[in-house]
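S.K.: The structure's right below; bear with me while I get my questions together.
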Amino acid sequence: MVKICCIGAGYVGGPTMAVIALKCPSIEVAVVDISKSRIAAWNSDQLPIYEPGLDGVVKQCRGKNLFFSSDVEKHVFEADIVFVSVNTPTKTQGLGAGKAADLTYWESAARMIADVSKSDKIVVEKSTVPVKTAEAIEKILTHNSKGIKFQILSNPEFLAEGTAIQDLFNPDRVLIGGRETPEGQKAIQALKDVYSQWVPKERILTTNLWSAELSKLAANAFLAQRISSVNAMSALCEATGANVQQVSYSVGTDSRIGPKFLNASVGFGGSCFQKDILNLVYICECNGLPEVAEYWKQVIKINDYQKSRFVNRVVASMFNTVSNKKIAILGFAFKKDTGDTRETPAIDVCQGLLGDKANLSIYDPQVTEDQIQRDLSMNKFDWDHPIHLQPTSPTTVKKVSVVWDAYEATKDAHGLCILTEWDEFKTLDYQKIFDNMQKPAFVFDGRNIVDADKLREIGFIVYSIGKPLDPWLKDMPAVA
């Protein structure tokens, strides 16, 4: 029986291994993590992450051929294939601070694999890592190998949170990069044999190591670039009276461009886009390509601009001050159908409003109060370290309350900001909300999900990103 071990029981490791276990009943899969609380959650009825469909997959396989354990060394020792899916945060100090990936956790995983292994193994990079990481890992393994042979493969994940299980069941492609040596090709084939049990062979692409590592960064950079492109257009639409939804629909009908990732919003979030672009920027700088680095930096600059533009619009519309005014925040996750708040635009928007002394009342159907308080008091990039290395008891942000109901959040508020496109926000009783708000009542729709005309009929003053502005908003330009 082939044994697979995955180090890291997070957003990537957990779902990926659960689906491999489901689709390959003859393979024994162990997911290991040093965080005992996280493993306990994977073994309970309340999984540590929310992902539609994940619950069913885990429950079907857990205890049969899928195991979650904190005995890392035992499972690595037994495994034929070891996936490494550990955090690769952005460095906050030292060489490359603010851009380069911190490979501390990766390196200690590699040293541990070399220490405990008594048989040849295939080591698979699953975390998003900078190009040439495989080379560094290879050196650590070979120099500590005691005669054991290791083959390194790069197998980046292309999951989208909220649809991860569907993406794993039916991927656009599975990418496997390896050495172009007979041993490297044999290792690629071994991993191919796992995926081909449910993925059509033509969708399994094989490349050299560097191409696989770079393809992941490139894919995320291209996606983020599309969002920043449409967000840049949204600012121009507001200035000229055009409607960004009409513009992006018209652009998206061009078959060369296509309609996906063209929704204007308050900005992109998630654990990968910003981190991967910063990584790309750093790699370009290290390889003497400052012009290329500068090009990709703009994608992040526009994203930051979009978030601060939104905050400025809120403050400018409300008589240039939100001091001590209650503002309702609907949605905190970086997108719908996930409880993930990593790099969510809501953090910057909330911090911007708090900077102007607003009182915030936040509601998100999947994010806990503890998580929201933690996010609002954490330093940039702290989120990407294992839970036990994050600041333990976050200082509570005084002017923030977290509630479990949209109506409670909006009661007596002066304005409401929609920051996540949860379906339930489309069907709220906005008449009831209007009746219970201070007047004038403002709606700032950061996701373009509400019918602005209907809301105006009720009496709201509405701001939708990239749409023609209310006469009220025209009188009050958003200062940059």
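Numbering starts at 1 and runs along the chain as displayed.
Heads up, the Cβ atoms here are built off N, Cα and C, so glycines get one too.
Per TrEMBL, the features are:
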type     : residues                                                    : note
ACT_SITE : CYS272                                                      : active site, nucleophile
BINDING  : 8-13, ASP33, ARG38, 86-90, 127-128, GLU161, 272-275, ARG342 : NAD(+) binding site
DOMAIN   : 328-452                                                     : domain 'UDP-glucose/GDP-mannose dehydrogenase C-terminal'
S.K.: Ranked by the number of other Cβ atoms within 10 Å of their own Cβ, which of the binding-site residues ASN87, THR90, GLN274 ranks first?
M.R.: GLN274
S.K.: Give the mean pLDDT for the domain 'UDP-glucose/GDP-mannose dehydrogenase C-terminal' (328-452) on the 0 to 100 scale.
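M.R.: Taking every residue of the domain 'UDP-glucose/GDP-mannose dehydrogenase C-terminal' (328-452) together, the mean pLDDT is 90.
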S.K.: About how far apart, in whole Å, are the alpha carbons (Cα) of ASN87 (NAD(+) binding site) and CYS272 (active site, nucleophile)?
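M.R.: Spelling it out, the Cα of ASN87 (NAD(+) binding site) and the Cα of CYS272 (active site, nucleophile) are 11 Å apart.
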S.K.: Report the same-chain neighbours of TYR11 (NAD(+) binding site): residues 6+ apart in sequence with Cβ closer than 8 Å to its Cβ, ordered by sequence.
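M.R.: The list for TYR11 (NAD(+) binding site) reads ILE49, GLU51, LEU159, GLU161, ALA164, SER271, ASP340, given in order along the sequence.
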S.K.: Rounded to a whole angstrom, what is the C-alpha distance between THR90 (NAD(+) binding site) and the residue listed as 'active site, nucleophile'?
M.R.: 11
S.K.: Under the DSSP assignment, what numbers of helix, strand and coil residues are found in the domain 'UDP-glucose/GDP-mannose dehydrogenase C-terminal' (328-452)?
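M.R.: Helix, strand, coil within the domain 'UDP-glucose/GDP-mannose dehydrogenase C-terminal' (328-452): 42 helix, 19 strand, 64 coil.
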S.K.: I'd like the number of other C-beta atoms within 10 A of the C-beta of GLU161 (NAD(+) binding site), please.
M.R.: 24
S.K.: Measure from the CA atom of ASP33 (NAD(+) binding site) to the CA atom of the residue listed as 'active site, nucleophile' and give the result in Å, rounded to a whole number.
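M.R.: With the alpha carbons as reference points, the distance is 21 Å.
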S.K.: Across all the protein chains here, work out how many other Cβ atoms are within 10 Å of the Cβ of CYS272 (active site, nucleophile).
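M.R.: Here the count is 27.
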S.K.: Please report the number of other Cβ atoms within 10 Å of the Cβ of ASP33 (NAD(+) binding site).
M.R.: 25
S.K.: Looking only at Cβ atoms, how many others are within 10 Å of the one on GLY8 (NAD(+) binding site)?
M.R.: 27
